[in-house]
Amino acid sequence: MGRNQARRQHRAALAPGQGRQYGNSRHVAAGQCHHRQSCRRRRDAARCASGLEGRVENQRGQIEPEISVMEREMPMPQTNLPTNLPIGSGPSVRRLSRGATISYGERKIMVGGGAPVVVQSMTNTDTADAIGTAIQIKDLARAGSELVRITVNNPEAAAAVPAIREQLDKMGIDVPLVGDFHYNGHTLLNDFPECAQALSKYRINPGNVGKGAKRDTQYAQMIEAACRYDKPVRIGVNWGSLDQALLARIMDENALRSQPWLAQAVMYEALVTSAIENAQRAEELGLAADRIILSCKVSGVQDLIAVYRELARRCDYPLHLGLTEAGMGSKGIVASTAALSVLLQEGIGDTIRISLTPEPGGDRTREVIVGQEILQTMGLRKFAPMVIACPGCGRTTSTVFQDLADKIQTYLRDQMPVWKKAYPGVEGMNVAVMGCIVNGPGESKHANIGISLPGTGESPAAPVFIDGEKKLTLRGERIAEEFQAVVLDYVKSHYGQAAA
Ligand code: SF4
């Protein structure tokens, strides 16, 4: 284990809000630290060993490198909870934030202020291609993206934005559009008023609005455009494009410390400071506080968690959460899920975007589905019926149950655009598809509808359970079609208007 990794683990063991964060270190009062055996230095001015360089005293009073103590002793976090309470579950209380409304026509999306966590996405088409971009936005919106961001990177793209909006209106897609600006946003918003009007929100990267004396002027021009057109903004800091002047200032301040922070802590501080100072500047320029959303994106899981915990602690603006450059395939999904789950569980995050790199020819809507699945599996929102399926093992050597699980999952998601309106509440339904008798009947009984397929050597029959009771048995070649019909009947009878 590396030294930094040990420190991060150590910090993570502290209860949220416990102790005081100093960049990369959390200093705690003696007795507060869960790693009390490891933190020999807490006796020294109540400072936690996790934030210090050098050597420490071990439990036998010997001096040894700090890392060896951390490696040897990683006790489980302790809690002071009474032991006679029932085991609880669910996420922590949501962080209180102001609500910012993003609207287009009658469609209003509240971010923060206690509203459900919003799923958003971003196109990867050339925005100047109005038709191609409108089609991808339609696909993202139909998949469930509640906001869609498009890059507005040049005059051609800015000129296309009103046409994109028009195309979407013709297709009946009222999803609010967010314009992503870098370098020339102040010019584009000024030169293309119809673009400024057609967008429902502007994303401003304070590290990419200009340099030197121009920076403040150009940032102010963008905020003034937001005020003029009455649009909310996301002040989106990214560590790949951090405001270099601000970073230099924070580094200078760090150099004056008697014990300078590690470079990583300086970077965290610069990210958080950039977001908050630019939000304060926007308010000074006349933008209402409830028109501001913040983000501080980084590409490392532990970095993201550390930065957002601190950002959440220091302000009450709603927070846009996402791991930037998460990557491709399972790595991107796992990294995003790991980072966002920790923060969402702590009540941090008001809107999410999953920045997956699509495989060549891959479907852009995947990032929407992954975002929804993170929220739904955490119990924060419901978007579509969930399919519970066993992984399969040597007890089932055919692919019948895999095919059935895949078919039913695709069927359920495909029906949702219609079902959502016709069968309110259906998004909370659970369907179990199990491979054999070992866990099949038991798991199926916990679902609204469950089917236990025959494993190798079992009788070729598939009992179907509805609301915990075995209702029928399917046999033969058409099990998938017949099970689908059973599911549809259940949906109609339990979620249709007549059932209300
Ligand atoms: S339910 Fe049966 S087939 Fe599925 S994993 Fe368990 S034992 Fe294997």
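Backbone N, Cα and C define each Cβ position, glycine as well.
Feature list (source: TrEMBL):
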- C390, C393, C436, E443: [4Fe-4S] cluster binding site (BINDING)
- 1-11: compositional bias 'Basic residues' (COMPBIAS)
- 108-371: domain 'IspG TIM-barrel' (DOMAIN)
- 387-487: domain 'IspG C-terminal' (DOMAIN)
- 1-26: region 'Disordered' (REGION)
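Summarised by DSSP class, the composition of the domain 'IspG C-terminal' (387-487) is 42 helix, 23 strand, 36 coil. Mean pLDDT for the domain 'IspG C-terminal' (387-487) in this predicted model: 91. Around the Cβ of C436 ([4Fe-4S] cluster binding site), the number of neighbouring Cβ atoms within 10 Å comes to 21.
Around E443 ([4Fe-4S] cluster binding site), a 10 Å sphere centred on its CB holds 19 further CB atoms from the protein chains shown. Other residues of the same chain near the [4Fe-4S] cluster site, with their Cβ within 8 Å of the Cβ centroid of C390, C393, C436, E443, are P391, G392, R395, T396, F401, M434, G435, V438, N439, G440, G455.
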